[in-house]
Amino acid sequence: MNTATGVIALLVLATVIGCIEAEDTREDFQGGFESYDGEAAEKIFRRAPVCTRTDQPCPYNEDCCSGSCTLKKNENGNLVKRCD
């Protein structure tokens, strides 16, 4: 067995052991994160609102933090929509 095969075997073994241990903390996939207390689960799934910053290309007006897009010339002289 060469080094690469050994490393792959160890990764597979670690994955299998990790899955077995994970089953102990969750009853089923529908229950998701029942074993986490409320605050920890909120930290996992908390996401900041995503918006496009000023002078970045924008396909839609609602993606801009400012809420509006205008056509502006880029460095090549082409007109592109950019957030205000």
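Using the three backbone atoms N, Cα and C, a Cβ is placed for every residue, glycine included.
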Whichever of Cys64, Cys65 is disulfide-bonded to Cys83 when Swiss-Prot is consulted: Cys64
Cys58, Cys65 - which one Swiss-Prot pairs with Cys51 by disulfide: Cys65
Selected from Cys19, Cys58: Swiss-Prot disulphide partner of Cys69: Cys58
Least Cβ-crowded entry, counting other Cβ within 10 Å, from the disulfide-bonded residues listed as Cys64, Cys65, Cys69, Cys83: Cys65
Other CB atoms, at most 10 A from the CB of Pro57 (site 'Critical for insecticidal activity'): 13
Fewest-neighbour residue among disulfide-bonded residues, criterion Cβ within 10 Å, set Cys51, Cys58: Cys51
